[in-house]
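Asks: The structure's right below; bear with me while I get my questions together.
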């Protein structure tokens, strides 16, 4: 009995947390799922029933395969389990097939693959050097970090309601970060290379990895003032890193190179025909840009400065995924966004090169790369905010300043995901879970850093509280007003613009803290 | 973390679990012509809205309750409406009572109080029946809990008013009425029948009578109407038991068909006698030595006696026993957790009929983990922890070697859990044999009944051997 007691008792809080959130995920099985459910069912069907040469050409369904080959192989592996649940889902022509067994299989596959995410969190908890806290379990940085990652609201609703497979992908990313913290650079590089070939969105943070590995791994020593010691360059290390990346890429793209399908694969992976903004504007810089354009065009029309005939008929806010042009401000091209993104990333990358601060500095650069790409990228999905929020959790338990930035980023980022779940039965779930996560995160971090100055100033507090009335207006008041028919996009626009302000502010604050940090940290973590 | 933030997190967790369970199917979904409890509640809304007492209800879609034409109405929007009403009723009545109760617990730390709230809110039985099967038990149980709170904190009038509301909401609450009566009577005796006690007695009687009159006023217009209400409330014509339920009569009728052997009025008399004989000792003790602690335990044993021996018991009535057991969770965590697990298991046939397998399994596991981590239940299995010390000492006067009680109880627990899991797996995966189509439900009921008998004996032992009230100041409550 005592053995059972130890196993289930206070000794193993991590398992209790992990098990608890898994049970919650099981309860979310009957919730609404988006078209992504059909996307993955289709990919199961494609990889199972067709030969490899057809995978990137198959177009019976509109949801064509647009992830790198490793993910296709992953779906292939899953399909071999799927056939025991419901053979019909593997038929390519069974569009929108969603029997109860299919639903069960798909949901359980997400829950099951999250085990990698749980393992990664376990590894991350070993590496963080959080603020020294008291003996109380719930005030230990490891505990708080585990809850912030395991019970992350964004990941829960995107993966387990909306339906995607981000859990294990973030597991790979966090695991590679943990390995870099543990000075196991080769493993970290390998894991990241594998991750890139699962989902290429992680290219956003590739510069951070590249520069960090080059600077802090290939150059084995630093001068006393922290700058690079050129003669400590290790060719062996560089070659081995290159070899790892090359081998992984060869394994992934090799078969398609052999079939001469590389251009087709690349065109599927990088579809630039889509517009600047997604159907729902991600809360990034371009959302503000679009809003400003709209406002100026309305003002221009009112003041008779613009000719109504010259304005393009299709409105950017009608929710269609096509290419549009701006009316007043200059139109934005994919190249422009690339340049803006690169310019936004450059300072942080320079910081990583000239003022290396070990793994912690790398993590900050990673987050800044992810955030900058989110803010200035082309056709960004609002779900991409998770790329910044999850790694930021690792920093949040370290310093009060980082905790403050994390809270602003996560609260606004999570709120911006609300439009993903627009059905009535899911409304209480998203509000309850959001409140749960927000109250916990703010309260626990405030308690952790209670001896330092308060986490938020009055402006930030006001802004965060403003999310409440915004939600009430968008979900409860607006649908009953007369504007609903005339301007149905107003709630989306308001949400997007309001959150864009918060996210841009967090990005700016993080940049300032990175650039003004002392250049050489004489801590043990070097 | 600050106390109220942690409490908010716990309540939000409880609400989230409740709403996600409500996304599942409800009783009688898509099964005309009888449907189930969901249709029953909708039908009652139809009747009460359309016939005499009309109220303004701006947000209700008239199609949902149109007289006659809305029979069997099922739609997404209506389901959302019905589920929301349950959540709001829960939020307004049951959950505040639970929070207040746990905050008033003495001699435990704040963290443990909040953990207690979490465990009570995660009790699977109530969630699955209210939010899955569909009922409004949280209203009656909430009012009963307010009653318990009032009476334990010496706000006797408010407590009895709350309890009267509970009874008038759902007549099943009469299971709890005897302990309330004995406890309040005992208090009056203690205060002395010649002075304060008599005044209290008069005040209580007036409160009870007044609240009953208020609730029943619209139905007192004719004697026939009152009789009809009573006939509907206490359907003695429906027989000793219906369907499969984990009580004595159903279990005995596996071997001996009582329903066929004995005539109806003899059945009623036998069930009456057994019920009252089994609850008499505890009630008498409560009247003579009223204490909040004794009151709680007597609630458990009385409700359990009624459940096991009474007439026309439904399997959902186990919730009336579960509520008092939740209240003693902090005092005997191990046994309470065990009981609450069995009580959920006893409703398995009903839950499977409503297609609530996954929510049942998930909520049961969540509840078990919450209790195991909050109270470290497996470390609390000594004699003292199980409140069996005085009993064991008395037995050891005759049998000096009687030291193995905790170990027996541990083995019984493991056996019980093992058989419950096994039977659940069997019921879900296998088909029953052709000749005995109800085999699995009967086995579930029989096994649960055995467990409940054990608990009846256990709780009565605690009550009768609880002599520490006067001597040990630490245990008074």
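Placed from the backbone N, Cα and C atoms, the Cβ positions cover glycine too.
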Asks: Choose the correct range: of B:143-167, B:168-192, which one does TrEMBL annotate as transmembrane segment? Give that range.
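Replies: Comparing B:143-167, B:168-192 with TrEMBL, transmembrane segment matches B:143-167.
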Asks: Tell me which of B:247-267, B:268-288 corresponds to the transmembrane segment entry in TrEMBL.
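Replies: Going through B:247-267, B:268-288 one by one, TrEMBL gives transmembrane segment for B:268-288.
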Asks: TrEMBL lists transmembrane segment for one of the ranges B:57-79, B:356-378; which is that range?
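Replies: Residues B:356-378 are the ones TrEMBL records as transmembrane segment.
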Asks: Suppose I define contact as three or more CB-CB distances under 8 A, residues 6 or more apart in sequence; do the transmembrane segment (B:114-131) and the transmembrane segment (B:80-102) meet it?
Replies: yes
Asks: Grab the same-chain neighbours of the signal peptide (B:1-22) for me: Cβ-Cβ under 8 Å, and only residues 6 or more beyond its ends, written as numbers and ranges.
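Replies: Distant contacts of the signal peptide (B:1-22): 83, 86-87, 90-91, 95, 99, 110-111, 114, 117-118, 121-122, 127-128, 130-132, 356, 359, 363, 366.
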Asks: Same chain only, please: residues at least 6 beyond the ends of the transmembrane segment (B:80-102) with a C-beta under 8 Å from a C-beta of the stretch. Say none if there are none.
Replies: 7, 11, 14-15, 18-19, 22, 26, 38, 41-42, 60-61, 64, 113-114, 116-117, 120-121, 130-131, 134, 136, 138-139, 141-143, 145-146, 148-149, 327
Asks: Please report, as numbers and ranges, the same-chain residues at least 6 past the borders of the transmembrane segment (B:318-341) whose CB is under 8 Å from any CB of it.
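Replies: Residues packing against the transmembrane segment (B:318-341) from afar: 101, 105, 108, 112, 116, 119-120, 123-126, 129, 137, 141, 144-145, 148, 172-173, 175-176, 246, 293, 296-297, 299-300, 303-304, 306-307, 347, 364, 367-368, 371-372, 375, 377-378, 380-381, 385-387, 413, 416-417, 420, 451, 455, 458, 462.
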Asks: Using a Cβ cut-off under 8 Å, which residues of the same chain at least 6 positions beyond either end of the transmembrane segment (B:399-427) come close to it?
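Replies: Residues 334, 338, 341-342, 345, 348-349, 352, 361, 381-383, 386, 388, 392, 440-441, 443-444, 447, 451, 454.
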